[in-house]
Amino acid sequence: MTVRVGINGFGRIGRNVFRAAATRGADLEIVAVNDLGDVATMAHLLAYDSILGRFPEEVTAEPGAIRAGDTTVKVLAERDPAALPWGDLGVDVVIESTGIFTDAAKARAHVDGGAKKVIIAAPASNEDVTVVLGVNQDAYDPERHTIISNASCTTNCLGVLAKVLHDAVGIESGMMTTVHAYTQDQNLQDAPHKDLRRARAAGLNIVPTSSGAAKAIGLVLPELQGRLDAFALRVPVPTGSVTDLTVTASRSTTVEEVKEAYAKAAAGAYKGLLSYTEAPIVSTDIAGDPASCVFDAELTRVLGSQVKVVGWYDNEWGYSNRLIDLALLVGDTL
């Protein structure tokens, strides 16, 4: 069965999802995009991407549509999700990537428009379930769950990083820092913002800010509820982020044992979600990597009961690939 997908919001994540769907060859079709921008601008930003480069096929704007290669995708411009013709278009799953409709009550308007399921591309509130692939995908119940959150890019990285470590040596407590690429929520120049640190110029500063990943981890790994805390450091790079997780382990271990646990996981049950590297990589090496987490083996440290592990992630491309994977999982159960 080909899963028919609608995208609501054609910003960074929406366009990354579109590109991932076009280049992966998965059994998934982007049927329509809803965004209030003009079609010519949307097509241009899809064709020319400052991080991913040129779209692999020719992209053109047509009346009410974008043509990418041999595929024509309908473009809608509707403010009210309930008014979208998802049912008429035969859409199975809507990927909600505006960043606006993150409450389940608002996201459910897509169902009123005829969609069967909605995946929120962000941490959500009042959702039926939050799913991080590789961690708790078995929690998804197609009979009970209609509004699904894919959590955040950081939670997808942290979830995999923490689960492998917890399964191997146990986690009593821990602290996570994500050194994160700047995002559209920050300012290019100093300007008012509700977070006074994010008010400062993103390209000139290391910006400490909050991260909900530690709290969200309890949604997908209930056994770690309340055991982790976290914050973020936004840095002047456009993509390529890294999670530093330091924990108190439940038992003694060694660097070698920890590395072996991740190597086995990456080659086995977590293949495609977790990658393992011993190369001395930096953030630009992660751009375009589809994994949720790239484990940096050479940064592993053990000191007494303290264990430090580090995982890289392309906060846009990796996350967008998980949205595709989750849409396939959800679609296969319809």
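A Cβ is built for glycine as well, from the same backbone N, Cα and C atoms used for every other residue.
Per Swiss-Prot, the candidate among THR183, THR246, THR248, THR253 that belongs to the D-glyceraldehyde 3-phosphate site alongside SER152, CYS153, THR154, ARG198, SER211, GLY212, ARG234 is THR183.
A simple Cβ count within 10 Å picks out one of the binding-site residues THR183, ASN315 as the most packed, and that one is ASN315. On the backbone, the CA of GLY212 (D-glyceraldehyde 3-phosphate binding site) and the CA of HIS180 (site 'Activates thiol group during catalysis') stand 13 Å apart. Counting every protein chain shown, the Cβ of THR154 (D-glyceraldehyde 3-phosphate binding site) has 25 other Cβ atoms within 10 Å.
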